[in-house]
Amino acid sequence: MVATCESENTEAIDQTDRRLFKNGIHWDAHRIGWAVSGAFALAAIMVTVVSVGRHARHYHVPTEQRQIIRILYMPLVYAIVSWFSYRFFRAYTYYSLVVIIYEAITISAFMLLIIQYVASTSSGKTAEGALARKDKEKLPIPWSVLQYVIIRPLVSIIGIICEALHILCQSSWSYKHPSVYLTAVDFVSISVALYGLILFYDLTKQELNGRRPLAKFLTIKLIVMCTFYQEFVVCVLDFQLKL
């Protein structure tokens, strides 16, 4: 039988009062952080709306701009979820599903965008035609990038179910709790996806010349993948401090 979690994060901040001001202005650390994070979230939303609006007004290459717009919505999703997660932090596990699902959408949109860029360099306007002249070997792990689009949301859904049953225990690295296994699956999935992206970049960087391919690849890696590794390292350090 799976062990239930000890109570976590239940005493520091009371979330029952949702007002920013209570009996006047009393700026404790949590309210200050809430206001600051709200200001940055609002700024991110405004930048996203402006960027998406520009693409919408000049929607001349739908096959490419459709994917660009999907990618541009990522900061907006991050901003909104981060703000709610700061205010109602005990429900973060549930909010995180939205970010994780949109991360999967962003990865797939990025791959489709790169494929469209590559396809535009061939006479037949197909990715197959552009890549036909390449010396290619079969990938050791088929669907190395797109498997992440399926596995990551599934892992998150399982995690939310476990959290609702009070057995997830995110701060625990015990084999008795599902968190350690879900983290392991996540780690493998995202590492394989990163490997696939690197291979694809190496294969298509000549066709992507002039479109700043390295900047695009680094952006996706930093936003989606490095954030996971950062969270993983922080969790490991937190666990070590508790020993």
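Using the three backbone atoms N, Cα and C, a Cβ is placed for every residue, glycine included.
Owing to the predicted nature of the structure, the values given are computational and were not obtained by experimental measurement.
What TrEMBL annotates here:
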TRANSMEM  32-56  transmembrane segment
TRANSMEM  68-86  transmembrane segment
TRANSMEM  92-115  transmembrane segment
TRANSMEM  145-168  transmembrane segment
TRANSMEM  180-201  transmembrane segment
TRANSMEM  222-241  transmembrane segment
For the transmembrane segment (180-201), find every same-chain residue at least 6 residues outside the stretch whose CB is under 8 Å from a CB in it, and list them. 107, 111, 114, 139, 141, 144-145, 147-148, 151-152, 155, 158-159, 162, 168, 172-174, 213-214, 217, 220-221, 224-225, 228-229, 232, 235
What parts of the chain pack near the transmembrane segment (68-86), using Cβ distances under 8 Å and only residues at least 6 beyond its ends? 33-34, 37-38, 40-42, 44-45, 47-49, 51-52, 55-56, 92, 95-96, 98-99, 102-103, 105-106, 109-110, 113, 220, 223
Taking a Cβ cut-off under 8 Å, which residues six or more beyond the ends of the transmembrane segment (32-56) line up next to it in the same chain? 20, 65, 68-69, 72-73, 75-76, 78-80, 82-83, 86-87
Residue numbers, six or more beyond the limits of the transmembrane segment (145-168), whose CB comes under 8 Å of its CB atoms: 2-5, 93-94, 96-97, 100-101, 103-105, 107-108, 111, 177-179, 182, 185-186, 189-190, 192-193, 196-197, 200
